[in-house]
Amino acid sequence: MGDILSRDTLYEAVREVLHGNQRKRRKFLETVELQISLKNYDPQKDKRFSGTVRLKSTPRPKFSVCVLGDQQHCDEAKAVDIPHMDIEALKKLNKNKKLVKKLAKKYDAFLASESLIKQIPRILGPGLNKAGKFPSLLTHNENMVAKVDEVKSTIKFQMKKVLCLAVAVGHVKMTDDELVYNIHLAVNFLVSLLKKNWQNVRALYIKSTMGKPQRLY
C-alpha cells in the first residue's frame, strides 16, 4: 500500500462508516461504496479503462446469480438451490424486449453453459448485453457453487465519460478487517489501471448507503 494510503486512515474511516452507523439501524443492509474521483484524465482522449477484481469477502450478500444451463447444469443448480433456466424457458420469452428486460432486472448476473452461451443473442436478442449482464461462461469442470461465489465477490471498474466512479466494496455487517482488506484490494487494483497511477487520483472516499462519506485520500 506504500505510504500513500495509511493503514490508520483506512481503519479510522472504516470504523466511522461501520460503527458511526450503529446509532441508526436501517431496515436493509447498507452497502459500503468506494468513491473515486480522478484528475489529469481526459475521458475523451485517454483510453477508458475497465477491469474486474475479486474481493476477499462478498460485498453484496443479496447479489443474485442465475444459471442459464444445459440439462446437467440445471440439475446441478436445482440440487444446490441456485436459480436456473433451461433453453426452453429462454425460448418462451420469445425475444420479447419487455420480458428479456424483466429477466435482466431480476438477477444481478448470469452464468451460462457452453452450449447455450453462443445461442443467447439469437434466442434473447441484445437485452442482457444492453443491461451489461451478458452471462459469463460456466464449464463442466468448474464447481458451480464456487463459480457463483466468485461472481458475487467480483467488482468491476468502468471508466465512463465522467471523472468519478463508485463500486461496492462491502456492507455494514462486515468486520473492520474484512472491509479494510476489500478496500485495500480494490484501491490497489484501480490504481494499477490508471495511466499515471496515484497521480490520477484526486480523492477517495468510502460511504455507506445512508452514511456520510469518509475521506481516505
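One-based numbering along the chain as shown.
Every residue, even glycine, has its Cβ placed from backbone N, Cα and C.
Taken from Swiss-Prot, the feature SUMO1 cross-link applies to Lys118. Sequence-distant neighbours of Lys118 (SUMO1 cross-link): no residue of the same chain at least 6 apart has a C-beta under 8 Å from its C-beta. Annotation note: Lys118 (SUMO1 cross-link) sits in a coil segment as assigned by DSSP.
The annotation SUMO2 cross-link is assigned in Swiss-Prot to Lys118 (among others).
The SUMO2 cross-link annotation in Swiss-Prot covers Lys161 (among others). Non-local neighbourhood of Lys161 (SUMO2 cross-link): Pro43, each in the same chain, at least six residues away, with C-beta under 8 Å from its C-beta.
Taken from Swiss-Prot, the feature phosphotyrosine covers Tyr11, and the record attributes it to similarity to another entry. Over all protein chains present, the Cβ of Tyr11 (phosphotyrosine) has 14 other Cβ atoms lying within 10 Å.
The Cβ neighbour count for Lys91 (N6-acetyllysine), using a 10 Å radius and every protein chain shown, is 12. The N6-acetyllysine annotation in Swiss-Prot covers Lys91 (among others) and rests on similarity to another entry.
Residues within less than 8 Å, Cβ to Cβ, of Lys106 (N6-acetyllysine) and separated from it by at least 6 positions along the same chain comprise Ser64, Cys66. Among the features that Swiss-Prot reports, N6-acetyllysine is placed at Lys106 (among others).
Per Swiss-Prot, N6-acetyllysine is recorded for Lys118 (among others), and the stated evidence type is similarity to another entry.
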What is the separation, in Å, between the Cα atoms of Lys91 (N6-acetyllysine) and Tyr11 (phosphotyrosine)?
50
